[in-house]
Amino acid sequence: MELAATLFSTAYQFGDAFAFLVISCAGLAVIFGMMGVINLAHGEFIMCGAYVTAATARAGLPLPLAILCGALVAGLVGMALERAVIRHLYHRPLDSIIATWGVSLIATQGVLIVLGSTMQGVGTPLGGVAVGDRSYSLYRLVLMGAAVALLAGLYWLFYRTRFGVVARATIERPQMARALGVDTRRVYGLTFGLGAALAGLAGGLYAPTMTMVPTMGATFMVESFVTVVVGGADIFVGAAPAAAILAAIRAGLTAWYGQLFGQIGLLVAVIVVIRILPGGLSAFIKRARR
Amino acid sequence: MKTNRKALLTSAALAAAAGLGAATALAQDGPIRIGVLEDQSGDFAAATMVKVHAIELAAKEINDAGGIAGRPVELVVYDTQSDNRRYQEFMRRVLQQDKVDVVFAGFSSASREAYRPIVNQFDGLAFYNNQYEGGVCDANMIVTGAVPEQQFSTLIPWMMETYGPKVYTLAADYNFGQISAEWVRQIVAENGGEMVGEEFIPLGVSQFSQTIQNIQATDADFVVTLLVGAAQASYYEQAASADVGLPMASSVNVGQGYEHKRFTPPSLKDMYVTTNYIEEIDTPASKAFVEKFRAMFPDEPYINQEAANSYIAMNLYKQMVERAGSTDHDAIRAELGKGDVCFDGPSGNVCLDPKSQHMSHTIFLAKVEADHSIAFPTVWENIAPYWLGDAGCDLTKNDPSAQYTPSSPPPAN
Amino acid sequence: MNDARTFAPEAAPRDRRSGLAVWLRRLEGPQTMGRGSLFWLAAGLALLAAAAYPQFSDDYTVGNAAYFLVWTFMAMGLGVVWGYGGALSFGQTAFFGLAGYAYGVLTINVGAAYGFTWLALILSVALGGAFALLIGYFMFFGRIRGVFIGIVTLSVTLVLETFMAQTAGPQWRIGEARLNGFNGMSGMPPLTLPWPGGDLVLYPGAQLYYALLAMVALCYLGLRMLLNAPFGNVLVAIRENPERAEMLGYDVRVYQMLAFGLGGALAGLSGALYTAWGQYITPSSMGLTSAALPIVWVAVGGRRDITATLLGTLLVLTAFQQLTIYGSQYALVAMGALLLFTVLLAPDGVVYTAMERLGRLGRPGRRAGR
């Protein structure tokens, strides 16, 4: 019984870190992996999703619907941003970093001015469950399930639907896709919107567990960048295993040495991985498969 | 916002009042200029906007009543954007260019340490109106915020008596958290208690699953939460949803960032905070303060301890200038040195301690109920900031301009 | 952007004049805008105006101008690494912070007598440069490129920030110097010149301003010479086409590493000077916001030309400070809008574009200064 409780505790910690990494990096990974754009406004899309979720939930919408609302609004904002700004910068990846950082500044401070410095959150639903002599948050278990479902959903979207095929074709050979009659601009726009919506979903999912402030997106940024970089360009063969490895590093270091080493260990892991595998895990795995 | 530039609060009423009566010797000196450097944007804005408003309220009251020794008060306000560099830039600006008589500045300890060398260089006078980790022994600084010995020597023994002797400390991993944790450790040992755990969290961490388990693995009777910043505040929500169910004790929550108003009940249930002021305090002085505050700033989300401290500081400054008959810093400090500079304000009677230039406080124990209303189980009156003076800091004799901590006290002489 | 002439190694006719003359000739060249007597007249006048201006201004304004000059070194360093070398570093603040702390530790332990502060300044810059060389070796010899350079450098600076933020305890001291965690280290002396009849302490004011102005001018001219030397030409060649540069026999990695080291040393110079200016250094000067600022200055000013970088940085610093004073909460929004505007409408940078227009006006029918 003691052993089972300890095992559950370890698995819970790992799953919790894994879910956080997967959910927070999915949007960034889609935009970076599919379009090569580093989106520094990722955190602000997360904030957007969280704010919309909190607002609609407090207005009386059931939480799951409110979360979807958050994702939807973030996606629409993302598509508008793509049309207005990102579209002009596809051939200038470094400039798109600066542009999205500008967007992030405007969004953070704009929200502070318009909506004030904080917003009342929604409480975490579902309460706790006791295993052994410890209790755990049930909602966190839901988040773990959501992470797995998210990966499965993305796999289905990119490998089992027409949009997925066209999107992957556009990313691999844009000229060829255009020659075959694909509206590549529309595909880029939709992909960016999808990435933004995923960020919004992350915000919505974590909104009930966090403090709602305009700068809340920043707390996701480091973790999501680390995961995407370690994973490399492909979200499935890269980001998911990267999240698993990093979650193990993070949960382990935090458990044994405390939060400081969990934080620093994550950053050091990035540097080491980039040095050994410049293309990230996905390039390595793809090479190994051949 | 009108406040943000050089907000000139010279009131018309004053001009009329001072026109004949008081306009003798002092009027030719012109207004008394007060620099205000507070974060009106960035991370800390939630807790600090209200400080600027409190200073504006005090300035308006002072001007309506004829100014300080007949001279009107003029505020020079800058937004420091929660950025230490802006404090360095603007502290030089108010002292060198705007030539203010006194400065009210700073929220985070880092910002205070950033501007302190500049205040010393130009021999300025700065009020720091924040609750902080204590230990600043600097003749150019007057501190009106509460310090650890005032908050913990009251809070910890009460909690141990009420809930038991086993304590778990959860603190932000920087100066404030580490030094406060040191105080907790010391007071717990003095009272025969036991530290069953101590954990430091880097700033910006927002995920606490592991921490929550660490706490549950011990048999702590209560948790001392010294968490700082919006990210770390996520702890309460996460702990509540994991059914941690332990009472919490803090010196920093509620009184500063009004978490009980911002979070959904009951995540802060059974949190105990020692604070020198919050707007729920049910005394006539406090109610009157809240009323006139809301009359001037109807949309103010919360009136916290820093707002009260800033308001008190303005009035203390007025009193010292009027007693000294000048804005000269040495003359002001000579008045302070007499040890009877007191003010009966929204939080009760407070006095400045000549040795450390810190302020005594009435310390209220605030308890957050399940619906996030506030109860006050007990009140300690007249708690002095004793540590610096006892440890050997005596600003009436010499000025080391340093910050000390219990583990690196002033050098014995 | 760059035409073929840019790659011309060194001016063809070999002359046998002394080394100094060769270097002086490199003040003008393909990699820097501005040539001919008109340009140098303007530059001379600008310097003269900058030198005369403290006579017509008050102490605060001069001290504030000195503060702006402090930052230009980091910007010029980033200009070399990013604009000329094509490697976007997001972590110049790592070297900035390291050198700043080094200056603090050295001067707190040794003091300011006999001009030691200047030796400390040099040592701190060397430390910043050496650390940058190490990171550069690690990255460029590991074949890391593109956006990943930005991410590695950002990680480095964030690790340093996280680490320094928790060094509040008394056990974190180097000699006399307490690192003092997130609250930052203070108590170091400002730059001090040994002077007959009492040391000259360079507090922010006219004296510090003149010292910094001289350093900026020297640094600017030195960089012009270096960038027009073979080193600079090869660097630009690598930015434009690394494979071709490699085929021509240049070891791309070595050049990039050296450029990165130079950028780190310049960032270190800013860091040490900043610490001396405010007698204070804090971990947050290595954080995300601080790390992004130099990129903004360089991007808005113009990264492809060292003159544009220098002028642009001063312009942006002034504009942002004025925005903060008069624009209240809208300052950050305006900064973001300025960035967007620059990237979309003047992708080469505002000052660069303006300079190019101006140059074209001067010489109709020819592209100016290239």
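The backbone N, Cα and C atoms fix where each Cβ goes, and this holds for glycine too.
What TrEMBL lists as transmembrane segment is C:38-56 (among others).
The annotation transmembrane segment is assigned in TrEMBL to C:68-87 (among others).
Annotated transmembrane segment per TrEMBL: C:94-112 (among others), in sequence order.
Under 8 Å from some Cβ of the transmembrane segment (C:118-140) lie the Cβ atoms of residues 94-96, 98-100, 102-103, 106-107, 110, 149, 152-153, 156, 191, 193, 252-253, 256-265, 267-269, 271-273, 276, all in the same chain and six or more residues away from its ends. Positions annotated as transmembrane segment by TrEMBL: C:118-140 (among others).
Here the transmembrane segment (C:147-165) has long-range neighbours at 87-94, 97-98, 101, 135, 139, 179, 181-182, 283-284, 286-288, 291, meaning same-chain residues at least 6 beyond its ends whose C-beta is under 8 angstroms from one of its own. According to TrEMBL, the feature transmembrane segment maps to C:147-165 (among others).
Feature annotation from TrEMBL assigns transmembrane segment to C:200-223 (among others).
For C:254-274 (among others), the entry in TrEMBL reads transmembrane segment.
The transmembrane segment annotation in TrEMBL covers C:280-300 (among others).
Residues or ranges marked as transmembrane segment in TrEMBL: C:307-326 (among others).
With a cut-off of 8 Å between Cβ atoms, the residues of this chain six or more beyond the transmembrane segment (C:332-354) that come close are 1, 33, 296, 298-305, 308, 311-312, 315-316, 319-320, 323. Under the heading transmembrane segment, TrEMBL lists C:332-354 (among others).
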Which range wins on Cβ pairs under 8 Å with the transmembrane segment (C:68-87): C:94-112, C:200-223, C:254-274? C:254-274
Under 8 Å Cβ-Cβ from the transmembrane segment (C:94-112), and at least six residues away from its ends along the same chain, one finds 74, 120-121, 123-125, 127-129, 131-132, 135, 153, 156-157, 160-161, 164, 174-177, 179, 185, 187-190, 192, 199, 201, 263-265, 267-272, 274-276, 281, 283, 285-286, 290
With a Cβ cut-off under 8 Å, give me the same-chain residues at least six positions beyond the ends of the transmembrane segment (C:254-274) that come close to it. 70-74, 76-78, 80-81, 84-85, 87, 89, 92-100, 102-103, 120-121, 124-133, 135-137, 139-141, 191, 212, 215, 219, 226, 231, 234-235, 238, 281, 285, 294
Per the Cβ filter (under 8 Å) with a sequence gap of at least 6 from its ends, the transmembrane segment (C:200-223) is approached by 27, 47, 50-51, 54, 59, 62-67, 69-70, 72-73, 76, 80, 112, 189-194, 266, 269, 273, 276-277, 306-307, 310
